[in-house]
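Working notes for the structure below.
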Amino acid sequence: MSRGVRWAGAVQGTAAAVQLLITLSFLRSVVQAQVSPDRVHPAPPLDSGAGCAWAAAGVPRVRAQVAGVLDDCLCDIDSIDNFNNYKIFPKIKKLQERDYFRYYKVNLKRPCPFWAEDGHCSIKDCHVEPCPESKIPVGIKAGHSNKYLKVANNTEELEDCEQANKLGAVNSTLSNQSKEAFIDWARYDDSQDHFCELDVFSCSDERSPAAQYVDLLLNPERYTGYKGPSAWRVWNSIYEENCFKPRSVYRPLNPLAPSRGEDDGESFYTWLEGLCLEKRVFYKLISGLHASINLHLCVNYLLEETWGKPSWGPNIKEFKRRFDPVETKGEGPRRLKNLYFLYLIELRALSKVAPYFERSIVDLYTGNTEEDADTKTLLLSIFQDTKSFPMHFDEKSMFAGDTKGAKSLKEEFRLHFKNISHIMDCVGCDKCRLWGKLQTQGLGTALKILFSEKEIQKLPENSPSKGFQLTRQEIVALLNAFGRLSTSIRELQNFKVLLQHSSV
């Protein structure tokens, strides 16, 4: 839907559902929309001073849903859907269930550095409760040496543990024995490469004394009831203060901004289209992350609770509220486009980092030799699939100007992203904070990879690398964050089916 199109006379019920269904179907052609080769432009030269300042005049662009970087990729959404849903999603889902990838170390107690906290969410689906020691998988419990027992996790135990923790509240408390196991993991990681240091994009707080391991399988990302001014303030701070936007430009549908009458976002998108490639990319990444998180909440929504037993599932009404072109005044399709763009960015990062993991010196250590080998085999299979994708985003077009200007812009890009990672400490819901921090670190790790191509190419086969290294936390965040995006793409197809039979 171009911005020139006005969805007039929208009706409720079935008609609205059909309209959103048409939007989802139309997304297939959104990004392949008749962009001829002479309309594809590389990033313009960066000025040595401002770095990113260049005139948009004279650069032809297709308006509305075919504007921006995603169009320059010439990627069609139908191909992305098929590639993800049938090739990537089944494998990434299996990978996330492996011990190496299910435990994430995070500090949920760090205070908000920007404003006085509202107080943590009191809703039972938000807060932290301990998981009983008996429910912690035996495979990660350390003895007195580097030995772990191989025990299959019992599905009934997982369900009991989740029920005991009130509908999936964050399990941030672990036994001393389990903590010893994780320390053992860290010792092993450090012994493999002593050149690792905290990366500016990865935003990890794993070395914080307050950081604790969380079992991601017992804490699925879902709707918790966390909303209103506290949640709005977090996202408002991200968009208004960290997306290179002047305060005179108002973001559409911002509940904290004054009404702009009949603007409907025209001035915002005029401003956005005038930005250089790098700053447009930054906005699209954040918008895509926001859209993906919103989609997860629509998929795992608390539909009802009878006699203390919750019923979780997809909420079509909530999905329409966040993505319907009428209810969002055209914003919904843009948000979904940015989700696809973010998917392409992280997909590209996975294809680029494959050589790092293909080395024999790199393993995914948990102490269980057989399972560790199977996990690496599965991971390498995913990397092979990512490398086979034919329509990757070309990151070489970013920061490609003169050295001084590119370096200045890259530093500005880094600082803005780092600031967003700190804003995640202002999220008032622990479970929301957990997944916000993980997905932010995952995106940061993807950016680190894309900006380290030369270092990755020079990796030694059988010795530690000084130029490029990934910590366990970065690896876990990277693959889980991409797993969340893969799930979002998959769930969009499910919503399409649901909308066909909906009268909401």
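For all residues, glycine too, the Cβ spot is worked out from N, Cα and C.
Nobody curates TrEMBL annotations by hand; they come from automatic prediction.
As the structure is a computational prediction, the values presented were derived from the model and not from experiment.
Summarising the annotation, TrEMBL assigns signal peptide to 1-33.
Residues or ranges marked as disulfide bond by TrEMBL: Cys121-Cys126 (among others).
Here TrEMBL flags Cys161-Cys196 (among others) as disulfide bond.
Just so you know, the Cβ of Arg222 (FAD binding site) picks up 19 other Cβ atoms within 10 Å once every protein chain is counted. According to TrEMBL, the FAD binding site annotation covers Arg222, Thr224, Trp235, Ser287, His290, Arg322.
According to TrEMBL, the active site, nucleophile annotation covers Cys429.
Sequence annotations record features per position, and here TrEMBL assigns disulfide bond to Cys429-Cys432 (among others).
Around the Cβ of Cys432 (disulfide bond), 25 further Cβ atoms fall within 10 Å across all displayed protein chains. Taken from TrEMBL, the feature active site covers Cys432.
Maximum intra-site Cα distance, FAD binding residues Arg222, Thr224, Trp235, Ser287, His290, Arg322: 21 Å. Within 10 Å of Cys429 (active site, nucleophile), as judged by C-alpha distances, the binding-site residues found are Thr224; the full candidate list was Arg222, Thr224, Trp235, Ser287, His290, Arg322. Other C-beta atoms found within 10 angstroms of the C-beta of His290 (FAD binding site) number 18, with every protein chain shown included. Rounded to a whole value, the Cα-Cα separation of His290 (FAD binding site) and Cys432 (disulfide bond) is 12 Å.
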